[in-house]
Amino acid sequence: MSVNKNIEYKKNVGWRSFLKDVFICSLGAYGGPEAHYSVFTDQMVIKKKYLKEEELVELIALCSILPGPSSTQTIVSIGYKVGGPFLAFLTMLVWALPVIIVMTLLSFIYQFLNSRNISEAGLRYIGPMAVGFIVVAAYRIGLKVVTDKITIGLFLLGAITTYFIREAWVFPLVLIIGGVVSIITSKEKNLWNRVKINPPWVYLIAFVVITFGSIALTLLWDNKIVHLFESFYRYGYLVFGGGQVVVPVMHSDLVQVNQYMTNEEFLTGYGLVQGLPGPMFSFSAYAGGMAARGGSVLTQVLGALAGGIGIFLPGLLLIFFIYPIWENLKKIKGIKVSLKGINAVAGGLIAVAAVILMQKSGLVIDNIIVTLITMGLLISKKIPAPIIVVLSIIAGFII
C-alpha cells in the first residue's frame, strides 16, 4: 500500500494519543508479525502519520535482524522515534501487557478445570487447531524465504537438524550457520564497510549482565522461578522472528526435556493465544504459569511473570541499544545479507515444528479433520483467527 508523499508527518505528538493508537494496534493484531505490520501501516503511517512508509519498512528490516519478537520491537521502535526511550517502554506495556494478563489467567483456569474434575472435552480440538496454524505459518514463511538453491538447502538444514536433535543449543547454532552461509555465498562486495557509531552501551551491558547473571544464578540456586526466568530470557535472545519461531524451542525445553507440562497442555495454550490480539510471545506467560504449578498462587503468578518478562526483556534491551545508531548501522551490507540465510533456516524450524506437533497430537481422524479445516479457513482468509478458536471449542463440546 502506497502512502501519499505530500503528507506532513507529526513532530510534536501527545503521549496519551500515541499510546491510544498503540492500544488500537494491539486490538487488531492477529496472525503473527506479517499481519501486525499491515496494522502498523494502516494506523501509524496512513491514519496518524507518525512516520513515513519507507521508515516503517526500515524498522521492520532492523527488527528482523535482531533476536526477539520482531513486531513488538518494531512498534517499540516507533515509540522510541516519537518520544524517546520512556515512551518506547510505555509502548511495550500497552502493546503486550493486556494479553500477558489474559494468558496468565488462562494458566489458572486450566488448573481450575483439573482441580474440579471438569471435563476438558471442549478444549480437545484446540491442539489440532494449533497445528493447523503452525502448518499455514510454515507454508507462508517458506514461500517468502525459499528463493534459490542456497535457501532451499538452508531451509532443509534447519528442518532436518532440529527434527533429529531436539536440544535448545541447536536452534541458535543452525540460525548462525544460515547467516554465515548467506554471507559467504553473497556476491555483494564490501560487506563490512566501516561506519561511525556512538551506541548507548548501558543497554548492551544490561543485556550481557542479565544473560550471564541468570545462568550463574541457576547454577548456584535451585529455584524453579529463577530457572524459568533464565529459560525464557534465553528464548528471547536466541529466537529470530515471531511467536511461531519460538514454539519449537519452547516445546523442546518445556515439554520434552524438563517435562514442565504435557504436550496437550502446551498445544492448548498455543491454540488459545491464536484467538487473542497482541504479540504471540505472550504465550510465555501461560507457559511460565503452567510450569510453576504445584506451589502457591503467588508462585504460579511469579512463574507467569518470569515467562512474560523474561522473553520480552532481551529484545527490548537490544532495540534500546540498536535503534539510536540505526541510521548508520543499516549502511553495513553484511548485516542485511545475513538475514536471507537466517530467515531460510527459521522457515525450516517452523516446518519441522508442525510435523512434530502433529505427531504428538495423535494421527486420529477427527484431529486430522480439525487441522485440515483450520488450514483451509486460514488460507481462505474468510474467517478471523478468534472465530476459528471459538468454533474449535464449540466443536469440542457438541461432537
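Cβ coordinates are placed from backbone N, Cα and C, and glycine is handled just like the others.
TrEMBL lists transmembrane segment at one of the ranges 10-29, 270-289, namely 270-289. Outside the transmembrane segment (201-220), and at least 6 residues removed from its termini, the chain residues within Cβ reach (under 8 Å) are 226-227, 229-230, 233, 237, 313-314, 317-318, 320-321. Contact counts against the transmembrane segment (125-142), taken as Cβ pairs under 8 Å, peak for 369-398 among the stretches 86-113, 154-181, 338-357, 369-398. Counting same-chain residues at least six beyond the ends of the transmembrane segment (270-289), those with a Cβ under 8 angstroms from any Cβ of the stretch are 26-30, 32, 36, 69, 71-72, 95-96, 98-104, 106-108, 126-127, 129-130, 133, 228, 232, 235-236, 242-244, 246-247, 250, 254, 260-261, 300-301, 303-308, 310-312, 385-386, 388-390, 392. Through the fold, the transmembrane segment (154-181) approaches residues 142, 145-146, 234, 238-240, 248-249, 252-253, 256-257, 338-339, 341-349, 351-352, 355-356 of its own chain, all at least 6 residues removed from its boundaries and within a Cβ separation under 8 Å.
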